[in-house]
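The repeat 'WD' feature in TrEMBL is assigned to 259-293. Per TrEMBL, the feature region 'Disordered' maps to 301-354. Per TrEMBL, the feature compositional bias 'Low complexity' maps to 337-354.
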Amino acid sequence: MEINLGSLPFDIDFHPSDSLVATGLINGYLLLYRYAAETEPQRLVKVRAHKESCRATRFIHKGCAIVTGSPDCSILGTDVETGAKIAHLQNAHAAPINRIINLTEATIASGDDAGCVKIWDTRQQSCCNTFEVHEEYISDLTFASDSMRLLATSGDGTLSVCSVRSNKVQAQSEFCEDEPLSVVIMKNGRKVVCGTQTGTLLLYSWGFFKDCSDRFVDLSPNPVDALLKYDEDRVITGSCNGLISLVGILPNRIIQPIAEHSDYPVERLAFSHDKKLLGSISHDNVLKLWDMDELLQGSSTVTRNETAASGSDSGSDGDGMDVDSDLSNTSRGTKTKNNGKASSSSFGSFFAEL
């Protein structure tokens, strides 16, 4: 299933319980579609969310609203039913916003081009914390809900771990020449996997974030812009050459390429709420919805024995958090990101009070 968006997309997100998919475009528009098997997708909403590009898109409040972030430094809340603007925080960040993710039902996190990460608490109607640990753009964010820790990758060549409970930076990796672009948590929280500019996957052991514990180079030299966790042992990668691959983690191997979006870089990947569809966007201005059953035919070659073998490696590092005491500046990477890129009423009041 393909949807011609008419312009370059930067982010994609699926509704948490319904057959809806949203995407933000380079021209500032937010698009919302309803999809169904064997029928053409129906566009429900098309609104000009931002004057500049719409880089980040996320459903919040159980799918009642969509938040978007932009290089204009603002965060916008849009009602899913009507497409109406319900909140607009014009100066959410001091620099262009690059990523937004959900943390809990009442909190989101946003990251900008200056390396700043902010946590927004809708219950307190305020920005509850700011982490300024990075020196370059935030390339990706992910959240460990069990330990309430937020992980960020940055163009400065590092990975950081911030505690949402204590509002402290708990760890930061050493500078890595393999600039991290994407991040997921695997192996029941024991491993962190980063996709990089060189195509290498960096594996960090939880609690030991100073340096990676393993490198997987088989996807090189194509940058891995997008990572999507399929299960605890497998991750889906989106590369700069347009290939979408299923990759095993510990043991590390390319199980198989499962799709080719186009000849252009895969910008983002996302699952539908029931995980039956995989969504991908690229620079060809097309949103593609892939049937996961069809994609994974013949890919079930990861045996139970392989999975068991991988578990022994990942569990050997312990469960404790290694709080890095040295958070001083080191030499950083210089790449910068391309700048192309509850109820509605309660959400609105949250922003209005800021």
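The count begins at 1 with the first shown residue.
Backbone N, Cα and C define each Cβ position, glycine as well.
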### Message
Using DSSP, what is the helix/strand/coil residue split across the repeat 'WD' (259-293)?
### Response
2 helix, 20 strand, 13 coil
### Query
Can you tell me the mean pLDDT for the repeat 'WD' (259-293)?
95
